[in-house]
Amino acid sequence: MSRQSTLYSFFPKSPALSDANKASARASREGGRAAAAPGASPSPGGDAAWSEAGPGPRPLARSASPPKAKNLNGGLRRSVAPAAPTSCDFSPGDLVWAKMEGYPWWPCLVYNHPFDGTFIREKGKSVRVHVQFFDDSPTRGWVSKRLLKPYTGSKSKEAQKGGHFYSAKPEILRAMQRADEALNKDKIKRLELAVCDEPSEPEEEEEMEVGTTYVTDKSEEDNEIESEEEVQPKTQGSRRSSRQIKKRRVISDSESDIGGSDVEFKPDTKEEGSSDEISSGVGDSESEGLNSPVKVARKRKRMVTGNGSLKRKSSRKETPSATKQATSISSETKNTLRAFSAPQNSESQAHVSGGGDDSSRPTVWYHETLEWLKEEKRRDEHRRRPDHPDFDASTLYVPEDFLNSCTPGMRKWWQIKSQNFDLVICYKVGKFYELYHMDALIGVSELGLVFMKGNWAHSGFPEIAFGRYSDSLVQKGYKVARVEQTETPEMMEARCRKMAHISKYDRVVRREICRIITKGTQTYSVLEGDPSENYSKYLLSLKEKEEDSSGHTRAYGVCFVDTSLGKFFIGQFSDDRHCSRFRTLVAHYPPVQVLFEKGNLSKETKTILKSSLSCSLQEGLIPGSQFWDASKTLRTLLEEEYFREKLSDGIGVMLPQVLKGMTSESDSIGLTPGEKSELALSALGGCVFYLKKCLIDQELLSMANFEEYIPLDSDTVSTTRSGAIFTKAYQRMVLDAVTLNNLEIFLNGTNGSTEGTLLERVDTCHTPFGKRLLKQWLCAPLCNHYAINDRLDAIEDLMVVPDKISEVVELLKKLPDLERLLSKIHNVGSPLKSQNHPDSRAIMYEETTYSKKKIIDFLSALEGFKVMCKIIGIMEEVADGFKSKILKQVISLQTKNPEGRFPDLTVELNRWDTAFDHEKARKTGLITPKAGFDSDYDQALADIRENEQSLLEYLEKQRNRIGCRTIVYWGIGRNRYQLEIPENFTTRNLPEEYELKSTKKGCKRYWTKTIEKKLANLINAEERRDVSLKDCMRRLFYNFDKNYKDWQSAVECIAVLDVLLCLANYSRGGDGPMCRPVILLPEDTPPFLELKGSRHPCITKTFFGDDFIPNDILIGCEEEEQENGKAYCVLVTGPNMGGKSTLMRQAGLLAVMAQMGCYVPAEVCRLTPIDRVFTRLGASDRIMSGESTFFVELSETASILMHATAHSLVLVDELGRGTATFDGTAIANAVVKELAETIKCRTLFSTHYHSLVEDYSQNVAVRLGHMACMVENECEDPSQETITFLYKFIKGACPKSYGFNAARLANLPEEVIQKGHRKAREFEKMNQSLRLFREVCLASERSTVDAEAVHKLLTLIKEL
């Protein structure tokens, strides 16, 4: 194999920089500030953070600086006059979308450079435009013209969900808001917004873009050289030549790390100046043996674009000096580095010198040539093929002979990949995360990364960018594993010295998986980044068991958790053959990931997972070993002592109360599951196993935050006495998945967004935790009329104090997501995680950055709770005049009001204010506790002071004893406190206890046993201080978390206040009349619904710009003056497109709003509580479930007939249209009869079957109503008719459906409409003939024929 293929050829020695050169290089690097990328100000990371961390990957292309542009050191730097601007589609003052590497599209303003006076730069074929990013702290930069698009507003199609520029991130939404404001101004006014005029790092603010070829990991020296080259107009050849002369290290074009990627990293403050100074794994002993001070470091390979469009530059030639240095590496070092050499094969040789163009890239990647990796030959770790029923797709069998041929670093990668084949492995090498083989392909295609050269697919990104890139992969459905280096080279050497036999694979630093991230297990730690939305995402674990052989009933055990909050829900329930309760659960708590026991799911459950949860990740776990049974779950929870800290004061079994209630009463140690809890505990076991696999079990379970899940309809089934359920405070209205979708409460049926939904219309909450609570209230409105009226009282109380509300709203806007911050603080402070979690051993290059983020989060939480206290203070001033009990509870302090729920946080907040220097900690990332806060730290400091004082006193005694006042202490580290005595005094008789340690001209240095003892005590105290300081942040967060209940209670109170303010805001600002719902108990009156002058809450204007027409909806109202006024079923007819479906949705939504405790858009709203809303609206099939349109209709109807009670509200739209006319009519007739006469629930039933209307026209249980329309020129020719929809719901039946009017509006050909009309007339005559024949037959059977029967026969004859 060629010498060039081995790694040590890329590690030539370089003489150490002199102090002067180091200072010069540092000044050159730190002389300016890199232009921040958009969004970098609130969250450090990404490309901008590379510059902050040190010299990292930068674009090769540099722009020429303007003449005599000032650098940050105040001097003038050499520059070249800029080239003449090229033509551009944009001009100063234009608003654009700009795209930068690793960031979403961002709204920007084009404006002239503050020093150049130009907004365009041209270099070769590249044209860049100068922009300012709309951000909380405006930043500027140069962006390629091809990555700019005109900005047309946040309401444009491309900025909405599904559009090219759509983003749900709060910072981008704020940026779009600022851009919208600028869009309404002219260009001159817009340019006044260009406020970012601070100088940036010497014109290196051109951010890295997609597809850019760049060299990574430049050292201090390289940066210094590049800054000089940047301002010198030289040719490519001369620049390369110049750089070669100045470089102290040689960058080889062959791959440096494909085969031997095990170059290690050890952070060292002494070598902090260079961003690529990473250890090679060579121990200190080896380094000391080198001829000169050498820094062995790995150069990142030159990256090439995925499409290979950029040409490879000619290879550099080594200078004689460089060659000489390279050959002087010791043989010992070479032998060590050979462990990382690339494999010897023809393909490696062929591509080792390949360039970045298409011709140099392999047509087939190396991993694609491996026979055992091909799909048809792949096996799992147990050598089972994919067609085996127990095949484990998450593992891979890797032949042992292949592993033996790998380099140590790549062998470790394959070992990790073989156990986690379904994960994208982010493999830490130095300060970069590397992606290899199939993972590299994903990185290039999904993240826009670029391939490194060679026949192995290989890409990567810096440590600081992990949060951004991993989140991008996770949101696209991938599972990501973060593999960290958990051992330094020194630790590796110490380990190897203890081993009897050492192989080359042992001389590799340890790496461990520190975290597996999936959609359902995101905790948003400092490494993972911030959440992009406020709502919860659930991980659901599911266990199913059929309760009878027929399969008509089944039982479910469920456990679902929001990992960002650490809150678990666990429950067990029976379900029907349609899985109604399970469907409701996944609608209320939509999971993004589902775990289930392999081979245990029924066909119906699989259908739900395949259809309703098709976008969720689904993973089957092996029964027993992965999906635990109930007994193993309980045993593991107790053995792992997850709840030790939270339940340390508890008595008996160390389990949370919810879990303790699921154990057998006869088992005092809590290892036996309860009779009706086995499935629930088994589901928890599957969840715990997966969290354990993802390495977040300790941080989540240790919160002991469990809540039992009980289906909302559990009481409605068991209650027999009419209306008894409405006296229970916890009873809720049931809204199943079908109803939530049909009423468009959360998502619309058009594009799946929140546009036009009830949630969007009502939601004006200002806090993330308030938004989550509002969604829960919408899922489950109240049924207890006392609770409903109490919320309505709260809304009225708030509406009468608008001044106070304005103050509170402004404070609410300042609150961070405290609920998630509490979970983060707990995770950082958890002693369980700090003891044995791999992350506690990980070697992190950006540790200071992460520490700063943790401190910022902590301080943000403290500030948030201070703001909460201010809010309570404002509300307490007016609380005495409030009627609402719930409002008084959430705004009253527990210490002042016995019914108050808000904890008094004043003492705790004051304590944390004085605990440490906040500003210093924010800047340094280190926490130094003040006296009195940390007893261990205080004791260590006291011991240090005591020992130091004791040593000073001892020195004074020795001076007096020897008679020399010039005796001083000398030494550093563990050799401190040597008595330095002038030589002329040492000739006298010194005490025998004096032990000579060292000498120098003119004096000698001594130790005594007393000094050694006192020094040992001092060193011990210093070590205790350092240990205490190192663990200070964790212990500080842990102490804060001890009061979790108080902090969480405060969050819950403010969440309720935020939602009440939201409802008050809607109630006060609705379009048109708003009224307070009147809720009456069923004991006082039969069930009824009265809506007068009601409007659809989500539609204020029609599409034609007309005002929405209010309507009266009366069902079962006593005051209605007609014979069938108490009818519970209303048949709704009317023309097509006349508004029937809208009317029915309107009734359902207003009922939901009324019982949620909100004002409704109506003049009058009176009702008895509704226990459940059923809907059968729209017509669609379920392809994924294999269900036809008609089957879907009947399934939803069957659920209604099975579960509806007299207190339900049923909305059925055109049942029976999915089958033959007579079949559909018959089914609709039977359903109406069942609903009206048997169940007697409030029903709106729309239909176009006019025979159905005739059948029930005289039925006292059914009332008729229709959507009015006005017909002009009504005649036999439908083309001459003009139909005007009045959208008014009135009494009686509509004579026709006017379907041909809809056909004409849909632009059907006129001849088709005419033919259809003639055919319709034939059908009508045939139907009338049949009716006449039936009446004649009935009349002939009667003994006498009355006048009414004769009149009916004559009428039918006349119609014919």
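The backbone N, Cα and C atoms fix where each Cβ goes, and this holds for glycine too.
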Where does the N6-acetyllysine label fall among Lys70, Lys377, Lys1000, going by Swiss-Prot? Lys70
Filtering Ser156, Ser279, Ser321 by Swiss-Prot annotation phosphoserine leaves Ser279
Swiss-Prot annotation, phosphoserine - which of Ser219, Ser360, Ser1279: Ser219
Which residue among Ser200, Ser353, Ser677, Ser1141 does Swiss-Prot mark as phosphoserine? Ser200
If you check Swiss-Prot for phosphoserine, which of Ser275, Ser314, Ser753 comes up? Ser275
In Swiss-Prot, the phosphoserine annotation, restricted to Ser241, Ser274, Ser834, falls on Ser274
Could you tell me the C-alpha distance between Lys1140 (ATP binding site) and Ser830 (phosphoserine) in angstrom, no decimals? 57
What is the separation, in Å, between the Cα atoms of Ser1141 (ATP binding site) and Ser830 (phosphoserine)? 54
How far is it from Asn1136 (ATP binding site) to Ser935 (phosphoserine), counting Cα to Cα, in Å? 78
Met1137 (ATP binding site) sits from Ser830 (phosphoserine) (Cα to Cα, rounded, in Å) at a distance of 60
Quick check on the recorded positions: of Ser830, Ser1141, whose CB has the lowest count of neighbouring CB atoms inside 10 Å? Ser1141
Among the recorded positions Ser935, Asn1136, whose Cβ has the fewest other Cβ atoms within 10 Å? Ser935
Candidate with sparsest Cβ neighbourhood (10 Å radius) among Lys504, Lys1140, the listed recorded positions: Lys504
May I ask for the distance between Lys504 (N6-acetyllysine) and Gly1139 (ATP binding site), taken between their Cα atoms and rounded to an integer number of Å? 78
Cα-Cα, Gly1134 (ATP binding site) versus Ser935 (phosphoserine), nearest Å, comes out at 79
For Gly1138 (ATP binding site), nearby residues of its own chain (Cβ under 8 Å, 6 or more apart in sequence): Met1267, Ala1268, Cys1269, Phe1285, Tyr1287
For Gly1134 (ATP binding site), what is the secondary structure state per DSSP, taken as helix, strand or coil? coil
